[in-house]
Amino acid sequence: MTTNTVQRNLWASVLVVLVLLLYWTESTRGYFAALDETETNKNCFCELEGSINDCSCDVDTVDHFNNMKIYPRLQSLLVKNFFRFYKVNLKLECPFWPDDSRCAIRFCQVENCEEQAIPQGIKENGEHKEKSAAFKYTREAQTDGGSCSEVEDFDSALGFLDTSISDQAHREFELWAKHDEAEEDFCIVDDHEEGSQYVDLLLNPERYTGYRGESAHRIWKSIYLENCFGGNNETANKFSSYVPHMDLRDVCLEQRAFYRIISGLHSSINIHLCSKYLLSESKDFLDPQGIWGPNAKEFKRRFSPETTGGEGPHWLRNLYFIYLVELRALAKAAPYLRREDYYTGIAEEDDEVKLAINDLLSVVESFQSHFDENALFSSGIASIKFKHDYKEKFRNISRIMSCVGCDKCKLWGKLQTQGLGTALKILYSEKLNLATESGLWDKPHIEADPIFRLSRTEIVALFNAFGRLSNSIYEMENFRRVLR
């Protein structure tokens, strides 16, 4: 074979590889590709299409899956008693600046629920089935439920081995157990602190309250400041406000994902405010609620390319990114969530909720293109620091939510932040991985203190936060129809 023939064959092979690579890139847009320029000059800028960058599916797939399968199921599930009562502390002081911007508008106030409206099973907080990690060391655990009585065992006094420990040591074990559990948390959980109360989410829907201006801007500016991963001054300045999508090309996947998650949460909340906007404030004392509905003009102001420097459509695309992150968390935790009792003490409704949960989780698991959590934190020693930084930054964001001047906004901000933090806890929990790999969820009975556990508040926040994202994508379709 001549040299020219070899060269021709080699060039032919290279050409074939390039063609295949070009086809793959065009069809998938590359799983880890940075954000590309998208067409934003359409009549309806919110008619997104194509790949959700950093994820392996496209917008149309998520739209259909959510609007046809997920949204209607969540709407019927989240009105149930287990999910409508959320325990939260709205009285914590802002740890970062003086609390000098309380919202005086009446729509900012949280309507308290009647004590008798809260199911007894929820108020008991699941004590009938949940013991702390340190319970096994108490005298009660050592003596309760024995198989023989003192009458039957004549030598019990001689053969008894006191395996319980002192009250002081018991308290230390409790502190250790709480510390171990908190190590995997991505947000601050304050539902057990003094001042916490149950709030009926159905009585306090998320909607536009009139809370705006410098106070609201300061909250989001502080949240976006958390995108600075300890870089130099130039990096810090770049992450101190909304990041132009083109600049995301220059940062690593973990930083890009962090920003897109926060941006997606911000977009989702803005859509809620636009879809439940105060169109007319009622002056009637007997009907003080006002008229609420979609405000397409406000939606366009917040997201159109003309008013956002071309960034609005990219912010909307980030909504799909965080949706896929939380969708994947539900799928990963599905074996654990199926074991939950969802106990309120109302037997018939508890059974209905368990059936609805099983149905929803089956649909969630059927999705073909889940977010791949293993793509993050996969670069050795550097990943350990990134993962630690993620936790610290999300915990700080949950602290910032205590600075929101509007109580109703604070309620939903805390809930959605905690739901997101719970999703990240699920995705990156070594304990959950260990429990799943050991086949723990397949066993007929699980010990009172399993390897991995979510509190009732975390579960309520997880499902309601995902419900908010699902609602945002559904409302996007309504705004598309109006803006066409």
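The backbone N, Cα and C atoms fix where each Cβ goes, and this holds for glycine too.
Note that this is a predicted model, so its numbers are computed, not measured.
If you look up TrEMBL, you'll see Cys406 marked as active site, nucleophile. The active site annotation in TrEMBL covers Cys409. What TrEMBL records for Arg207, Thr209, Trp220, Ser263, His266, Arg302 is FAD binding site. Residues annotated as disulfide bond in TrEMBL: Cys103-Cys108, Cys148-Cys187, Cys406-Cys409. TrEMBL lists 1-30 with the feature signal peptide.
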Worksheet, complete the sentence: The binding-site residues listed are Arg207, Thr209, His266; by CA-CA distance, the one closest to Cys108 (disulfide bond) is Thr209
Practice prompt. Consider the recorded positions Cys187, Cys406, Cys409 and say which one has the Cα lying nearest the Cα of Arg302 (FAD binding site).
Written response: Cys409
Worksheet entry | Packing count at Arg302 (FAD binding site) (other Cβ atoms within 10 Å of its Cβ) | 19
Item to complete: Specify the count of other C-beta atoms within 10 Å of the C-beta of Cys409 (active site).
Response: 25
Worksheet item: At the level of the C-alpha atoms, what whole-angstrom distance separates the residue listed as 'active site' and Trp220 (FAD binding site)?
Response: 13
Response to the item:
Running the recorded positions Cys187, Arg207, Thr209, Ser263, His266 through a 10 angstrom C-alpha radius around Cys406 (active site, nucleophile) leaves Thr209
Worksheet entry | Cα separation, His266 (FAD binding site) to Cys187 (disulfide bond) (Å, whole number) | 17
Fill in: Cβ neighbour count within 10 Å of His266 (FAD binding site)
19
Worksheet item: Across all protein chains in the structure, which of the binding-site residues Thr209, Ser263 has the highest Cβ count within 10 Å?
Response: Ser263
Worksheet item: Any idea of the Cα spread of the FAD site, Arg207, Thr209, Trp220, Ser263, His266, Arg302, as a max distance in Å?
Response: 21
Response to the item:
Around the Cβ of Arg207 (FAD binding site), other Cβ atoms within 10 Å, all chains included, total 19
Worksheet item: How many neighbouring Cβ atoms, not counting its own, are there within 10 Å of the Cβ of Cys187 (disulfide bond)?
Response: 24
Discussion item. Highest Cβ count within 10 Å among the recorded positions Cys108, Cys406: which residue is it?
Written reply: Cys406
